[in-house]
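Peer 1: One structure coming up, written as structure tokens, with questions to follow.
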Amino acid sequence: MAHCTEYMNAPKKLPADVAEELATTAQKLVQAGKGILAADESTQTIKKRFDNIKLENTIENRASYRDLLFGTKGLGKFISGAILFEETLFQKNEAGVPMVNLLHNENIIPGIKVDKGLVNIPCTDEEKSTQGLDGLAERCKEYYKAGARFAKWRTVLVIDTAKGKPTDLSIHETAWGLARYASICQQNRLVPIVEPEILADGPHSIEVCAVVTQKVLSCVFKALQENGVLLEGALLKPNMVTAGYECTAKTTTQDVGFLTVRTLRRTVPPALPGVVFLSGGQSEEEASVNLNSINALGPHPWALTFSYGRALQASVLNTWQGKKENVAKAREVLLQRAEANSLATYGKYKGGAGGENAGASLYEKKYVY
């Protein structure tokens, strides 16, 4: 009698040792009280950050900034993993110490951004597809050798109810691309972080965002199953359910918490170890408070934590200003924000970390990472 997997013509299973390694890494990334530092800004994106503090975008300055982040003593108490840009994975600081080693010193797992950016989907109104599947398997092998143990692939969708966005074509393209990426990563021992980001652009209500997010996540997990992705060895990086940035209707952090949790419960299998939210242009304080509201509704079948870039780094950059004499203070600010988000993963954040500057909006229209 044929086995069920043979009858169903199911995708080939991962070797047991690979599956075990992936599941172990995924669990470590979402261990209690910790989240992920997204420091994988492209060279073009980091230029925008440096322009804001009037700092030249040189390889030396980029290395100095990464050294500031990864050399922060005690960061590993709140941060489990760090997503790196390819340059950073192979980079050393001024003292000749590899950035990966700085992370290892804090028991932080190195990860790598593997997508190659966005292009327009033909026959759509500028909806986006993510590039990077060609040659991904070979790159994953090199990244693993260099010390990376997980990867990230970002897709974006836009809500525009008047134009019927996101279209079914866009959602399918997003889901299938994420699933192919995830499968390739797992075949090469990297835990895939699956990131279907629905941008906050536009005037749509929080209820519309909930409906669209539910549809997108449903399609993503269907595609993951069809591609044989081991859910126990993967993580999801979604947007929180929020109103569009131009929406005039008032919403509360409790609204964000309730609708985000409801959406996840309707779509995300409990086999997945965890969900690591993106901040999506929320202020540092909003990102912490909303994460707190989400976790206050627990217990949940998955860990619900953070994978923040701007919401962990904005005040750090403003404090640093590219000056060596500001490094120690900037590291204090990083620890303060990381601890705030750690508390939020327990639903115990009371607010107020970072003062007034933490409340500044970090929203960028049509955000490119």
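Numbers run from 1 along the shown chain.
Cβ from N, Cα, C; glycine included.
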Peer 1: According to Swiss-Prot, Ser42, Thr45, Lys113 bind D-glyceraldehyde 3-phosphate; so which of Glu142, Glu173, Glu195 is the extra one listed there?
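Peer 2: As annotated by Swiss-Prot, Ser42, Thr45, Lys113 share the D-glyceraldehyde 3-phosphate site with Glu195, chosen from Glu142, Glu173, Glu195.
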Peer 1: If Swiss-Prot gives Ser279, Gly280, Gly281, Ser307, Arg310 as binding beta-D-fructose 1,6-bisphosphate, which of Arg49, Arg62 does it give for that site as well?
Peer 2: Arg49
Peer 1: Swiss-Prot has Lys152, Lys237, Ser279, Gly280, Gly309, Arg310 down as binding dihydroxyacetone phosphate; which of Asp40, Asp51 does it also list for that site?
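Peer 2: Matched candidate out of Asp40, Asp51, per Swiss-Prot for dihydroxyacetone phosphate with Lys152, Lys237, Ser279, Gly280, Gly309, Arg310: Asp40.
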Peer 1: Would you find the one among the recorded positions Asp40, Glu195 whose Cβ has the most company, meaning other Cβ atoms within 10 Å?
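Peer 2: For the recorded positions Asp40, Glu195, the Cβ with the most other Cβ atoms within 10 Å is Glu195.
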Peer 1: Given the recorded positions Thr45, Arg49, Lys152, Lys237, Gly280, Gly309, which lie close to Glu195 (active site, proton acceptor), meaning Cα to Cα within 10 A?
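Peer 2: Cα within 10 Å of Glu195 (active site, proton acceptor): Lys152, Lys237.
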Peer 1: Tell me, how many other CB atoms lie within 10 A of the CB of Thr45 (D-glyceraldehyde 3-phosphate binding site), whichever protein chain they belong to?
Peer 2: 16
Peer 1: Using a 10 Å radius around each Cβ and all protein chains in view, which of these binding-site residues has the most neighbours: Gly280, Gly281, Gly309?
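Peer 2: The residue with the most neighbouring Cβ atoms within 10 Å is Gly280.
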